[in-house]
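Trainee: This is the structure I have questions about; it appears just below.
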């Protein structure tokens with residue numbers, strides 16, 4: 001609730017104290033004060049429905065649109081929800097909602113009913129006139145029968161096709177709803193009431209002042225969204241604790257498996273294959289979680305951008321700002337453990353380049369994962385990402401050496417982000433490195449000279465800075481296309 005208030009009301013319009021008073025009053029009116037310290041995920045179904053309404057009441061809207069507010073609720077919770085909506089309507093708001101098969105009591109709580117069938121209006125008016133309306137066309141509701149159920153049965157053709165007759169009858173003015181009460185409609189004037197409350201009573205409300213509110217600037221919303229994303233990351237133990245633990249465990253496993261490959265002249269080809277293991281691990285463990293997680297966040301973004309909480313680009317930037325440090329830190333921890341355990345050549349320059357390359361690969365993989373997630377559903381996204389990674393691996397220069405590729409294959413290889421990561425790691429580990437020692441129990445070590453290995457895999461001329469720039473360019477392209485696809489998807493939904 002505080003986050004929603006911060007996203008909708010600027011600090012100049014209302015200070016924190018007044019925001020808290022406003023939130024307390026809304027929670028009290030929706031009977032949520034007793035659970036105000038409960039995480040949203042632990043609320044009951046009815047409480048979640050009321051919370052979704054409370055979030056939109058912060059800026060005092062004149063009209064509320066609700067899609068099936070009673071679906072999935074038991075009879076008691078349904079009555080509480082409908083009573084709440086009736087109270088909000090009595091305050092002057094227009095509450096418009098879709099509802100299916102309401103009970104008799106719920107049906108009678110509605111002021112005006114609008115029934116649709118096959119795109120045409122079948123009835124519009126007071127629920128108390130429903131029985132008389134149906135009787136006017138020869139459809140008599142049985143005693144003790146729910147008028148709403150009987151109306152739906154008639155519309156569905158259980159008693160014959162009366163839809164044309166009902167459509168014509170509904171145009172008569174005597175059935176239409178007449179608002180004869182004294183409720184004054186609430187104007188959309190961007191004003192909210194600051195309320196003083198009693199701590200011991202949910203019903204003790206005293207209006208003290210009206211304030212004209214203004215939305216906060218977009219940069220302030222960005223700051224708020226960054227904070228929310230940080231909270232979500234810290235609370236999701238699979239994103240932080242589990243992933244960090246697995247990164248450390250896998251780094252220890254891989255590092256111990258390859259042993260002294262960095263300093264053993266007979267294991268230089270294994271040392272070369274280690275670089276691809278590093279690339280693939282960082283790529284997969286970053287891209288796949290994004291494909292699974294992003295679709296769930298899209299549903300939230302659709303609702304909040306539709307309700308003008310923030311702009312899509314603000315959320316997109318906040319998501320990148322919060323996720324990028326996590327990927328950078330985790331990839332750095334993974335790579336430095338492997339670098340030390342495999343006894344690589346200890347130079348600060350090489351260590352920095354090794355870690356920096358894995359960081360950029362991780363960011364690039366996250367961009368690709370977000371792109372796939374915005375276009376495909378999680379099942380198809382995981383499958384497609386696996387295929388994309390396979391082709392990127394084939395053209396990375398590891399499965400097929402560049403000097404063994406045909407001219408068209410070499411051109412295609414420039415589209416593989418793993419190529420640039422592999423070239424940079426190879427350049428970092430092997431270029432201008434002194435010869436390693438050949439074990440005494442081995443007669444001949446062909447690749448003890450780094451120049452021999454680099455020439456064998458055809459990576460003699462590698463421009464580290466250019467490759468790093470190309471990876472960052474890939475990241476920008478992936479993120480840009482993903483943003484366009486996400487914006488298009490949200491615009492279509494709205």
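Each Cβ is built from the backbone N, Cα and C atoms, and glycine gets one as well.
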Trainee: Of 216-238, 354-376, which range does TrEMBL call transmembrane segment?
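Mentor: Going through 216-238, 354-376 one by one, TrEMBL gives transmembrane segment for 354-376.
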Trainee: When TrEMBL marks a stretch as transmembrane segment, which of 441-463, 464-486 is it?
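Mentor: In TrEMBL, the transmembrane segment feature sits at 464-486.
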Trainee: Under TrEMBL, the annotation transmembrane segment belongs to which of these stretches: 382-402, 403-423?
Mentor: 382-402
Trainee: Which sequence-distant residues neighbour the transmembrane segment (464-486)? Criterion: at least 6 residues beyond either end, Cβ under 8 Å.
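Mentor: For the transmembrane segment (464-486), the far contacts come to 298, 301, 312-313, 316, 320, 353, 356-357, 360-361, 363-364, 367-368, 370-371, 373-375, 417, 420-421, 423-424, 427-428.
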Trainee: What does DSSP give as the helix, strand and coil breakdown of the domain 'ABC transporter' (23-71)?
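Mentor: Summed by class, the stretch gives 26 helix, 5 strand, 18 coil.
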Trainee: Mean pLDDT, the domain 'ABC transporter family G' (100-201)?
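Mentor: Per the prediction, mean pLDDT sits at 79 for the domain 'ABC transporter family G' (100-201).
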